[in-house]
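> Handing you a structure now.
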Amino acid sequence: MSSDRLKIVWIYPDLLSTYGDQGNTIVLERRAKLRGIPYETVHVRSDQPVPTDGHVYLLGGGEDRPQILAAQRLRADGGLHRAAERGAVVFAVCAGYQLLGTQFGGEEGQPVQGLGLLDITSGRGERRAVGEIVGDVAPELNMPRITGFENHQGVTRLGPGARPLARVVHGVGNGDGYEGAYAGRIIGTYMHGPALVRNPALADLLLRWAIGQDLPPIDDTWANRLREERLNAVLS
Amino acid sequence: MSDLPLRSQLAVALGRTAAKMSRLAGRGDGSVIGGRVGLALDPELLTRLARDRKLVLVSATNGKTTTTRLITAAMTPLGEVATNAFGANMPTGHVSALAAAPDARYGVLECDEKYVPMVLAETGANVVALMNLSRDQMDRAAEIWLLAGKWRKALETSPQSHVVANCDDPLVTWGASGAKSVTWVAAGQHWREDSWCCPECGGPLDRDDQDWRCRQCTFARPRPDWVLHGDVVTAPDGRSFPLTGLSLPGRANRSNAAIALAVVAQFGVQPEQALPLLAQVKSVAGRYTTVEHEGRRIRLLLSKNPAGWLEAFDVLQPAPGPVVLSINAQGPDGRDTSWLWDVDYRILRGRPVWVTGERRIDMAVRLEAAEVPFTVVDDIEQAVMAVPPGHLDVIANYTAFQNIRARYGRVV
């Protein structure tokens, strides 16, 4: 970590915050706090410049129009690009995931230029995917299954520069049997809203990348009970 | 009614029979099935039943049922009023409500947000009351920016409809701006997380207390005709009326009452005549009801989404009054509990908090993160018996609320 404080940056809560997206900042704050890691969280509205000295950048979900506005403003601002080039951690869900790619589908399905931070392209699928999603995470990331809720009509194709985050066990995800994508320290997922709540290992992966060292375990009794309940609800 | 075509009369009669059978079978009040049967036989039944009546449509994310009830109460001096009092707020429910009151010259219909364009087209309603739009169960509700755009288009093609709208909600204001004539009510907005952007151009909205305007285009808060300030409503003629006599608690209900006063004024009912009638409304479909059980006075509060939780917190007994939170995720609740993370639960610190409902573990994780101590119990009865005799507030989402109501008596 380049400074003495973990800096969490929540990108555009005025555009990309539809459904509990704030949960991801709360989870990271809590997991840092319980380990005695000093942190600060910055909420960056879409009329403000994106700071380039953050350690973890979070992008949430949004409706079609806000998603297009967010992509335009982030491209014009350039701060997220500079942070990513520096090696900052980026975690994006749903609309935020799509707009990290080179292209995504607009209100009428028209192609909209994305940020090009992940080698993915997204379009509009025929049916909305709504429900629980479970996936087996790419082995090299070494973590347990992911569990979340998806609510999107997007279909995402990965280019050679990105790898799938997980193989879908239940649900839809990218639409090709895989869910999400990652490259370097950038992760995107169709698990919407507070995706880190049910996936403490994923939250810790982001923190570990950000601070560059292993983290002591914390009491995850409730989160693990929730994981177990949700996994049982869809897999049994 | 008698001037309905024969086919429509038959549709109404069969619909009533179906509703009655449904009631007898204990499957609710029958208004949905009754309306469905009627509409199947005569697809234009709603239009026919609406003809020659003066109708009010009421829509919003929160407060639809309560405001419908308040408007209906205040319109009683005008004569019989048809209304869908039980929250059956889609066209099937509207058909049942109108068919059940064939001689009523007035009707007040709660309308699901998505159905406003359709019901407006079919009924040509005289007055449309629009109160607030905020994030709701997204796995079944529409995206609200899209929704406001649809309201706007529908009102543009319904020039005979007068709109009464909350100008403190930018998205509602934008949707209502499609109408030819609007009464603007400064009815307040406490949940602002869905209105930081201009609905017209996407630019940032600058907000200054109640006032708001877009930094990039000309879209701005209209000058209000009616103003709610604290617990006083000021009418367009400058007279002020205290709302302290309302039986329903909290600022959300003062807001609903202000809208109701503006709506009934369109029909000539003056605030001094309407207020005592609003005061008589004590609970609405179980909301705000207090039930007695084993020495506990249990007050039931319904909260379905983040904006609704803010309003429930507003009426809680002061700390350290105990609170039960009950969360389900059945179809009507939304199957996704992500919205719990949009609610700031830290306000519950310093109270005993009990957590139940099918998704109690989701709530436990949320409260743990908010550093609110809590106890998880299997059902509401365990929580009720664990608190000392006295007042207990229960906040529940839709099906959890219905379960608790069924358990402790369906007081309306």
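Glycine is no exception: its Cβ is also placed from the backbone N, Cα and C atoms.
Quick paste of what TrEMBL says about this protein:
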{"type": "DOMAIN", "residues": "B:61-170", "note": "domain 'Mur ligase central'"}
{"type": "BINDING", "residues": "B:Cys198, B:Cys201, B:Cys214, B:Cys217", "note": "Zn(2+) binding site"}
{"type": "ACT_SITE", "residues": "B:Asp336", "note": "active site"}
> If you measure Cβ to Cβ, which of the recorded positions B:Cys198, B:Cys201, B:Asp336 are under 8 Å from chain A?
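It is B:Asp336, listed by sequence.
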> Near the Cβ of B:Cys214 (Zn(2+) binding site), how many other Cβ atoms are there if near means within 10 Å?
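There are 19 of them.
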> For each of the binding-site residues (B:Cys198, B:Cys201, B:Cys217), count the other CB atoms lying within 10 A of its CB, then report the residue with the highest count.
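When each Cβ's neighbours within 10 Å are tallied, B:Cys198 tops the list.
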> Do you know offhand how many angstrom separate B:Cys214 (Zn(2+) binding site) and the residue listed as 'active site' by C-alpha?
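Cα to Cα, B:Cys214 (Zn(2+) binding site) and the residue listed as 'active site' are separated by 33 Å.
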> Taking DSSP states H, G and I as helix and E and B as strand, how many residues of the domain 'Mur ligase central' (B:61-170) are helix, strand and coil?
50 helix, 17 strand, 43 coil
> Nearest by CA distance to B:Asp336 (active site): which of the binding-site residues is it, out of B:Cys198, B:Cys201, B:Cys217?
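Going through B:Cys198, B:Cys201, B:Cys217 one by one, the Cα closest to that of B:Asp336 (active site) is B:Cys198.
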> Averaged over the domain 'Mur ligase central' (B:61-170), what pLDDT does the predicted model reach?
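It averages 93.
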> Can you list, in sequence order, the residues of the same chain other than B:Cys198, B:Cys201, B:Cys214, B:Cys217 whose CB lies within 8 Å of the CB centroid of the Zn(2+) site?
B:Pro199, B:Glu200, B:Gly202, B:Gly203, B:Leu205, B:Arg215, B:Gln216, B:Thr218, B:Phe219
> Could you tell me which three-state DSSP class B:Cys214 (Zn(2+) binding site) falls into?
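Assignment for B:Cys214 (Zn(2+) binding site) reads strand.
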